[in-house]
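Okay, structure first, notes after.
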Amino acid sequence: MKQDMIVILDLGSHENTVLARAIRALGVYSEIYPHDITAAELKALPNVKGVIINGGPNNVIDGVSIDVLPEIYEAGFPVMAAGHDKALCEVKLPRFTDDVEAIKNAVKSFVFDTCKAEANWNMTNFVNDQIELIRRQVGDRKVLLALSGGVDSSVVAALLLKAIGDNLVCVHVNHGLMRKGESEAVIEIFKNKLNANLVYVDATDRFLDKLAGVADPEQKRKIIGGEFIRVFEEEARKLDGIDFLGQGTIYPDIVESGTKTAKMVKSHHNVGGLPEDLQFELVEPLRQLFKDEVRACGLELGLPYEMVYRQPFPGPGLGVRCLGAITRDRLEAVRESDAILQEEFRLAGLDKKVWQYFTVVPDFKSVGVRDNARSFDWPVIIRAVNTVDAMTATIEPVDWSVLMKITDRILKEVKNVNRVCYDMSPKPNSTIEWE
């Protein structure tokens, strides 16, 4: 189904994605494009109904002031400017804020009354369209997918399964740094319930041996990422007739790297770095979606709520929550304490209120008392934060009775732990993860 689109022109505003998401929440598709797009390029885009210029004329790149091309106003589309009082259009609004409701109210009239856009952007239409596009791209050939069990790769897998069935080959690499029961859940859902063609690789010893004695966080990340590529490459070489590589690229990835006014925020955990003789054509069916839309897509495809709304998890897994050089006993302490935290937050109803919560175990010990004798064991640190965009984060107030229950369970059930702490640091000054 053809979806009407509102184009947002990026003048360096931090509210571009907030605006795009607000328009999509109205049921109208929206995308962000560079400020210097030409009228011809704009006209070549499918089903454009209107243009919003977001940001003022005083934004600069490398010391040079930027603005949209004058020809945009003559391209034949309704134009609205936000925070740009010098724009050559009739509809002008003050600068947007992070208040999504205020943005909705500001643009609703423009989108529907001025642009006459039709509200046909929804997950049912998206899934049906993507199934058709995937079948058209892939045909009867095979797609290889690294299935981590994370939200993005799980939704990609479910979508590809709907489209091409047995022609999807999933590879799940257990690097020993997964959360408790995570690999088992991937096998249960995708292999046993969805009948996916799943290759399971237990590479725990291989990864932990490579990480032995490595304390620097960046070095740990490089080792984990590099070893993952090598394991995935080895498995890919065992398979015949693979022409495509499925990836969980989502729209924020495109925005962060696709406009001249956007800054690279992070390097994305994806299957890059494969050797030249092992290159595939990419299949990226989620590249249009924001994270909340990816979750909605997963539910539309029938994935379990627990998988679709699982906690954000770093690519290196528990490797960056077992601080310093990873040891197997501390790694198990992280895994077990995290499982207790997850369970108790669910029971308290906090899993739907707190954006991210986890435990870390540092590489130092503290003195304690156990069985009337001195103990010298690891502390566990609890982290629970709320955020809109992960750029800033606030601490979630958690009832003391919940924290006391979690503490009691961790001290009783997790080996080699004698102390539990609660991290009260917002971002900034602290980052969400410790490493």
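Quick reminder: no glycine exception, Cβ is built from N, Cα and C everywhere.
Unlike curated records, TrEMBL annotations are generated automatically.
Quick look at what TrEMBL lists:
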BINDING   Ser148, Gly149, Gly150, Val151, Asp152, Ser153, Ser154  ATP binding site
DOMAIN    121-310  domain 'GMPS ATP-PPase'
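Feature map: annotations from TrEMBL on the structure.
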{"residue": "Ser148", "record": "ATP binding site", "Cβ contacts under 8 Å, 6 or more apart": "His172, Val173"}
{"residue": "Gly149", "record": "ATP binding site", "Cβ contacts under 8 Å, 6 or more apart": "His172, Met178, Glu182, Ser183, Ala185, Val186, Met307"}
{"residue": "Gly150", "record": "ATP binding site", "Cβ contacts under 8 Å, 6 or more apart": "Gly248, Arg310, Phe313"}
{"residue": "Val151", "record": "ATP binding site", "Cβ contacts under 8 Å, 6 or more apart": "Lys291, Val294, Arg295, Gly298, Met307, Val308, Tyr309, Arg310"}
{"residue": "Asp152", "record": "ATP binding site", "Cβ contacts under 8 Å, 6 or more apart": "Gly248, Ile250, Leu286, Val294"}
{"residue": "Ser153", "record": "ATP binding site", "Cβ contacts under 8 Å, 6 or more apart": "Leu145, Ala146, Leu147, Gly248"}
{"residue": "Ser154", "record": "ATP binding site", "Cβ contacts under 8 Å, 6 or more apart": "Leu147, Val186, Ile189, Phe190, Gly298, Leu303, Met307, Val308"}
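Report note: the ATP site is defined by Ser148, Gly149, Gly150, Val151, Asp152, Ser153, Ser154, and the residues of the same chain whose CB lies within 8 Å of the CB centroid of those residues, excluding them, are Leu147, Val155, Val156, Ala157, Gly248. Ser148 (ATP binding site) falls outside any helix or strand according to DSSP and counts as coil. In the three-state DSSP reading, Ser153 (ATP binding site) counts as helix. On the 0 to 100 pLDDT scale, the domain 'GMPS ATP-PPase' (121-310) averages 89 in the predicted structure.
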